[in-house]
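Comments concern the structure below.
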Amino acid sequence: MSERKSDPDRDDSERAFFGRRKGHKLRQHQAELIDHLLPHLALDIAGEAPGNACEIFDPAASDVRLEIGFGGGEHLAAEAQNFATTGFIGCEPYVNGMAKILAQIEAGNIANIRLFAGDAAELLAWLPKASLSRIDLIHPDPWPKRRHWKRRFVQDRTIAAMARVLKVGGEFRFVCDIDDYCAWTLSHLARSADFKWLAERADDFRQPWDGYTMTRYGRKAAREGRKAAYLRFRRS
């Protein structure tokens, strides 16, 4: 798998950039999973997408969900095991994260996950219209410096891209412990006629939704006293 070195100050506004492509050196078995298991699960978006995203999976899924930037994969793996007839697409450009989800897929014999190691914006453009029931973005890179805000995933263009692929009634769910990025996300979604924030009272965004699997990063943030917001937006 090739790496692309990126200049964080370069204006690359068409790219939804998450962060580093590779971190710690992979252990031998992790490298073997990247070499031998990933090719069987990786989506190839060079060709035309299927007319129905459920057909990405074999057997065909009852519906399809996407997790963007799944990190260590704890949430993605748990959701796939809890909803066995749903197909899950995990998007993660960080090689170490990809190795971690592959290990969980192997250990749990999980058959309903497909993976994409590239740019989420390209994946969203490839997927059929109204093909997803849900998109999750959990603890994304907040890019705290003002000059890097253009690299945050939540932008007007990505909101429009998500609106295109979500079914009416589908949801975009966002979890973040950085207040500024939460406010950024709320303000950007408020500008879109395609989404409605579902919170009716404070606990609706202060507490995880039912069945939420806490990630390793989420537990670390809680230990350090950072409170996350759990935002849900319905495609209208």
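Note: Cβ is positioned from N, Cα and C throughout, glycine not excepted.
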In Swiss-Prot, GLU67, ASP119, ASP141 are given as binding S-adenosyl-L-methionine, so which of GLU32, GLU92, GLU171 is in that site too? GLU92
Measuring Cα to Cα, tell me the gap between GLU67 (S-adenosyl-L-methionine binding site) and ASP141 (active site) in whole angstrom. 14
How many neighbouring Cβ atoms, not counting its own, are there within 10 Å of the Cβ of LYS145 (substrate binding site)? 10
Roughly how wide, in whole Å, is the group GLU67, GLU92, ASP119, ASP141 that binds S-adenosyl-L-methionine, by largest Cα to Cα distance? 14
Between ASP119 (S-adenosyl-L-methionine binding site) and ASP141 (active site), what C-alpha distance do you get in Å? 14
